[in-house]
Amino acid sequence: MTTRYAARAAAGALAALLVLAGCSSKAKDSDDGDGDKAAGGVRTGEGISGKTITLGALTDMTGVYATLGKSVTQAQQLYVKQLNAAGGVCGYKVALSVRDHGYDPQKAVSGYTELEPKVLGFAQFIGSPFVAAVKQRIDGQDKALVLPQAWSAALLGSPYIRVIGSTYDIETINAVDFLIKEKGVKKGDRIGHVYFEGDYGESALVGSQHIAKEAGLTVVEQKIKPTDNDMTAQVTALKQAGVKAIVISAGPRQAASLVGVAAASGFAVPVIGNNSAFAPQLLATQAGPALTKNYYVASPSLPIGADTPEAKKLVADYRAAYPNDALDNGIVAGWTAASAFGEALKKACANKDLTREGVDKALLSIDSYDVGFGVAQNFTDPKAPSSRESVILQPDEGVTGGMKVVREAGASKVAEGYTPGA
Amino acid sequence: MSEVLVKPLRPVRSRTYLWAAGGVVLLALPFYLDRFWLQAGLFAMAAAIGAIGINLLTGATGQLSMGHAFFLAVGAYGYCVFAADGGDGLTGLGLPTWLAAVLAVLVAGAAGGLFSPISGRLSGAYLGIATLALVFIGQHVMFNAHDLTGGANGRDVPPLSLFGLTFDDRELLVAAVPFGSAEKLWYAGLVLLAAGALFARGVLRGRPGRAMNAIRDHRIAAGVLGVPVARHRAAVFVLSSMYAGLAGVLLALVFQRTVPDYFGITLSLEYLAMIVIGGLGSVSGAVAGAVFVSLLPQLLTRYSDALPLVSAPGTGGIAPGEASRYLYGAAVVLVVLFLPGGLVGAAARRHVGPRSGEIHPGEER
Amino acid sequence: MSTFAEILLNGLSLGSVYALIALGFVVIFRATEVVNFAHASLLLAGGYVTAVLHDDIGFWPALLAGIAGAALVGAAVEFLVMRRYRGTDHSVLAIVTIGVDILLTTELTRRIGTDVLTLGDPWGDAVLRLGPISLAHTRIAAFVAAALLITAFLLAFRYTSWGVAMRAAAESAETAALMGVRLGRVSMGAWAVAGGLAAVAALFLTVFPTPGLERATSLAALKAFPAAILGGLDSTTGALVGGLLVGVTESLATGYQSDLTFLGRGLGDLAPYLVMVAILLIRPAGLFGTKELARV
């Protein structure tokens, strides 16, 4: 009895399936061309419907990079608002579609899959492992411009995924160069490098090892996990190894602990961190005094408190829009990425091609773009980061954003001659 | 009262039609749904396979495992190692991909077997926390054994090939609908899930299932009754690991890249939440729980703009990610307190109504 | 040698904090046979209350409030959730605590947001120097506080009526109930004590050398799991020894990372679990745990 029912049901199912499949809306239309021509002769494609250009932002507001994600996203929302107030691009308004993945790979990949068909490109994508996870799709078929908020050398080389500013390895080279030029580290010395397990830390380690080889230094490695918050054992080990300076490629908390412990135990060597190893919130903690004394940060651009008219305007506008939120360098990163995307859109508009290919091409033609944070971005070579320069900053409570400049933007000789990924 | 006479026939019939209708819908979905939904469905299917595995172990046999994520990772990375051709500089044996998938599942089972000195002896909380060690060891290896795993950025997953059909993104037109990897994998996922579910149901309904429940309910009594307790526990652990391995392979194929961040302790906890929410000890419970836990965050994120209380990221208030965590944390607590037997148990009771003289295998105590 | 001594001392002090957390597990396990995976959120709750209040009412009152707050949260979890469970399967209850943990941690991390909260402790970053060895005052305070609390707890466990009731309940719940022990009160008390201990642990996990309380602080509770297990889940001595062992192992594995590169770097988190697995292979009930006896 059951089998007969089952057989009948199966047959019915198959028939139903064939009928249903015929009228799917997903079926390919015959006129699915490469792009539509809108009024004014501008070619458009995915990501533009009606009078709106949609950009995606895959961010982390509830996970480990929540601090960065919040600042970057709010800065980008501010940029889009101002861009629209100034008339938009080509008569189109720009909209930012934000998805929070909370640093969870499944949500990140889902967010990409959801937004990809609807957006022209991504102004933000936090988490280099996740960018790597969809890299095949970006390079293979989607071909949308993606500006990751991850400065990993592993992401270079794709014409569509474009890292803005110096990657961590180059930044670390510039940081060690600062230690050599200004802090008396010389040939034969040992330097300590405390770094996160994972892409960020390991990318930075490649840089410190590279310049150590060039300059005759020895790197003493200390690998930590993002959950380690107490750097006592690391400082003890580095002290024992007799290092003359320490590089830290970790989070703000680890940097604060490291600097605090070193200072408290009378181990007064200079410490320099990558741009992710500082947050202004730390100045209010016990590590504050030690941080302002002996800690430096290498950054891909001038800090948010920079003395340029553009920076001052951004600070004023951001404060007006988000009065309760801290001013940090995530805002600069978000703003720079959004304006680079905006610039590419404007160029693409001038070329009358607002398709994904058009925007990719437009970005490739931008060779010197400065949003007012001291570093010119050159997007003409997909194999290289858009800049090799770093600014060296020092925490200072009296300055907006908590950082002042101690060495202006510049690329060290070693950084100039370095090929990422080689 | 006359209705009672007809009843023995009707459930069979309506049930068959229900299954058939459900089957049609599932088979037809790739023709209609976006890649986003198909991918979400595939995540749910993979989770369901993994959840069936852990429900055999934790739900039916009473062995608390917090190391499920580790075995998923073994499956996912195992597949990559067996199937990759080494073109990206990482270890790859270049085997046919279907063989690689089978081997990956076997390796996950073997990993479970290797753990048997621990899993055979410990139980309860001890076993739970001992298996937690596996997750930490697994993540350490994933981040450090660069040649095997590609380190923090993971490694590419070679697409599965079966009978000349490759489950990749090259478009294949079926009834004028372009089929990419998600559409093709959908069917593979359905087949694997159905096979896994049927097998597990067979295990649970047969002798081994009764032995497992006996071990859960009273280990020593089971031993006295002649159930080879140690052997059964080790065997269930291996079987559960193989399910996890299969789920890992499917996940890897959907992700197209394996990244170590995914296989953390949160994932292990999610699997436990799935079986508690769905219903301990049954296959349908595992599937229901898996669908609930894996689709909930996706739904909330997708419709964050339209939901009350939930706010779009960057506007303050409760973010969708947080909302889904609240919901599923609350679901775990509420289901255990008010719906013993989980969602499936509740549904079954409702179905049967007051006639409920029937005993559900998961509820025997 | 001085490096070794410094690493060892720091490990011991860290270990005493882990011992406080592990003791909480053990207390709850003895009273209710449930493994409390929500311990991390109790810890975060205690720290959060202290951090929020210390500016207004001063550090010591804030710390007391934090301890009371965490104890209250613990008792509430017991009363609102654990007591309502009708089944008998303790693994299911363990999973329920995971649900509770998710709820509490999500709420607390949402409140903490992206801030790093200081607890306003009186020790600051002062350091004691004994020849070549330097040790932070906070570390010494942690060690002393943990020693005092654990001693007080062990005495209470042995001599007060609450302690007797609890041991009776652990021995045989049914007999104890027949003898007039109010089981509900015992288990609620256990949860409250565990919460209080976790709040103290939270203090010492967030003062110097760590910058302050933030969303990831609760992860430290993960390190107390191996501590509780390797000592034996039902042994208070075990929690103490387990905590110290985990602290020292972690500290040594980090401090001598350069000599252990063959295992891969960054072993600190992993080492306690490896030690735990090794011990469980030899003694399945942990170092001091009672071997399970069963009546059929």
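Cβ atoms are placed via backbone N, Cα and C, with glycine included.
Since we're looking at a predicted model, the values are computed, not measured.
Noted in TrEMBL for the protein shown:
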TRANSMEM  B:16-33  transmembrane segment
TRANSMEM  B:39-57  transmembrane segment
TRANSMEM  B:69-86  transmembrane segment
TRANSMEM  B:98-118  transmembrane segment
TRANSMEM  B:125-143  transmembrane segment
TRANSMEM  B:185-204  transmembrane segment
TRANSMEM  B:234-255  transmembrane segment
TRANSMEM  B:271-296  transmembrane segment
TRANSMEM  B:326-348  transmembrane segment
>> Test of understanding: applying the rule of at least three C-beta pairs under 8 Å (pairs 6 or more apart in sequence), is the transmembrane segment (B:271-296) touching the transmembrane segment (B:98-118)?
In response: no
> Counting only residues 6+ away from its ends, which parts of the chain sit with a Cβ under 8 Å from the transmembrane segment (B:16-33)?
Replying inline: 41, 174-175, 177, 179, 182-183, 186-187, 190
> Does the transmembrane segment (B:271-296) reach the transmembrane segment (B:125-143), going by 3 or more CB pairs under 8 Å (6 or more apart in sequence)?
Replying inline: no
>> Can you tell me which recorded stretch out of B:125-143, B:234-255, B:326-348 has the most Cβ pairs within less than 8 Å of the transmembrane segment (B:39-57)?
In response: B:234-255
> Which range out of B:125-143, B:234-255, B:326-348 gives the transmembrane segment (B:69-86) the most CB pairs under 8 Å?
Replying inline: B:234-255
>> Take the C-beta pairs under 8 A between the transmembrane segment (B:185-204) and each of B:125-143, B:234-255, B:326-348. Which stretch has the highest count?
In response: B:234-255
>> Checking distant contacts: for the transmembrane segment (B:125-143), what same-chain residues at least six beyond its ends satisfy Cβ-Cβ under 8 A?
In response: 63-67, 69-71, 73-74, 77, 115, 118-119, 149, 151-152, 260, 263-265, 268
